[in-house]
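Trainee: From Swiss-Prot, here are the annotated features:
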type	residues	note
SIGNAL	1-29	signal peptide
REGION	46-137	region 'Alpha-1'
DISULFID	96-107	disulfide bond
CARBOHYD	104	N-linked glycosylation site
REGION	138-229	region 'Alpha-2'
DISULFID	147-210	disulfide bond
CARBOHYD	152	N-linked glycosylation site
REGION	230-323	region 'Alpha-3'
DISULFID	249-306	disulfide bond
CARBOHYD	312	N-linked glycosylation site
REGION	324-329	region 'Connecting peptide'
LIPID	330	GPI-anchor amidated aspartate
């Protein structure tokens with residue numbers, strides 16, 4: 001694609017706002033909001049950290065082509081849980097909790113709504129390209145919007161619009177105005193004074209609608225994952241021929257991305273690790289896991305225990321009970337090693353018979 005002339009980009013990203021309006025209209029008819037509204041609320045919970053709900057909307061188009069691709073990604077606490085891809089023209093639920101809460105029916109409705117959006121998008125993208133009068137090439141409209149629930153109960157929202165990978169507009173919640181990112185012509189500024197979306201509607205979505213649906217999601221997620229049972233803690237002990245002993249504490253079936261594992265010696269903390277969203281590991285079934293290890297002198301194992309603090313749970317596991325688990329793991333490893341050593345012999349016999 002040829003380099004641009006360097007002139008300020010004259011386009012109307014308000015077109016993308018029309019797309020978002022189709023996606024984020026009131027919960028009765030909305031695909032995304034309808035999905036969140038369908039999740040049943042079984043009580044509320046006290047927030048222990050900041051939670052986020054984020055929508056990424058991207059529209060791709062080749063100038064001169066009627067083909068337009070729409071990709072909608074929805075994240076909760078930075079985890080992707082719903083995706084619509086214009087190539088497959090289907091909505092895909094991500095995460096076991098969705099499949100357990102009518103995910104298939106939800107996806108069918110999502111797909112039907114987003115197909116209609118994609119049809120409208122073709123004409124909208126053509127309008128943007130014509131207004132820009134740029135040279136041929138791939139162009140992208142993108143939007144990032146959503147909200148945060150803070151641990152103190154307050155909320156804040158965000159809404160950014162961009163074109164070809166660069167931010168163009170940002171909504172300011174304090175002044176309830178749209179600000180143009182980067183240099184812009186007076187013509188562009190005047191255009192937004194006339195055509196920008198109504199600030200009161202944007203404010204309602206960021207302040208009320210988005211946080212309410214995020215609250216519903218968090219409540220449903222918590223209740224759904226608690227059905228899998230309480231968290232579990234195991235302690236293993238690995239002995240080495242010479243040197244120290246490694247004790248490893250593992251926590252499973254965690255239903256949020258926050259936990260604290262503490263090693264205690266004779267009941268007193270000696271090592272503590274707090275896991276947050278960026279350090280805890282997903283288990284692949286909608287729950288999370290974490291582990292922490294400590295090295296001790298041989299014979300000190302009975303002095304140590306591991307404590308998990310997770311939500312309302314506090315679980316203690318002693319190091320002595322981990323020997324059995326480690327022994328069984330060693331047996332399994334030995335069996336695997338034996339099978340592996342026998343494999344070349346089996347292959348040799350099979351090849352000899354084949355010849």
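Note that Cβ sites are derived from N, Cα and C of the backbone, with glycine treated the same way.
Surface or core, plus neighbours and distances: that's what I need for these features.
Mentor: In the three-state DSSP classification, residue 210 (disulfide bond) falls within a helix.
Following the DSSP three-state reduction, the secondary structure of residue 152 (N-linked glycosylation site) is coil. Around residue 152 (N-linked glycosylation site), there are no C-beta neighbours below 8 angstroms that are at least 6 residues distant in the chain.
For residue 249 (disulfide bond), the number of other Cβ atoms no farther than 10 Å from its own Cβ, over all displayed protein chains, is 26.
For residue 312 (N-linked glycosylation site), no same-chain residue that is 6 or more apart in sequence has a Cβ closer than 8 Å to its Cβ. Under the three-state DSSP scheme, residue 312 (N-linked glycosylation site) falls in the coil class.
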Trainee: Along the region 'Alpha-1' (46-137), what average pLDDT does this model show?
Mentor: 66
Trainee: Rounded to a whole number, how many Å is the Cα of residue 147 (disulfide bond) away from the Cα of residue 249 (disulfide bond)?
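Mentor: Distance (Cα to Cα, whole Å): 35 Å.
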Trainee: Around residue 210 (disulfide bond), how many other C-beta atoms are within 10 angstroms of its C-beta?
Mentor: 27
Trainee: From the Cα of residue 210 (disulfide bond) across to the Cα of residue 306 (disulfide bond), what is the distance in angstrom?
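Mentor: One finds 39 Å between the Cα atoms of these residues.
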Trainee: Taking the Cα atoms as reference points, how far is residue 249 (disulfide bond) from residue 210 (disulfide bond) in Å?
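Mentor: That comes out at 38 Å between the alpha carbons.
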Trainee: Under DSSP, the region 'Alpha-3' (230-323) has how many residues in helix, strand and coil?
Mentor: 5 helix, 56 strand, 33 coil
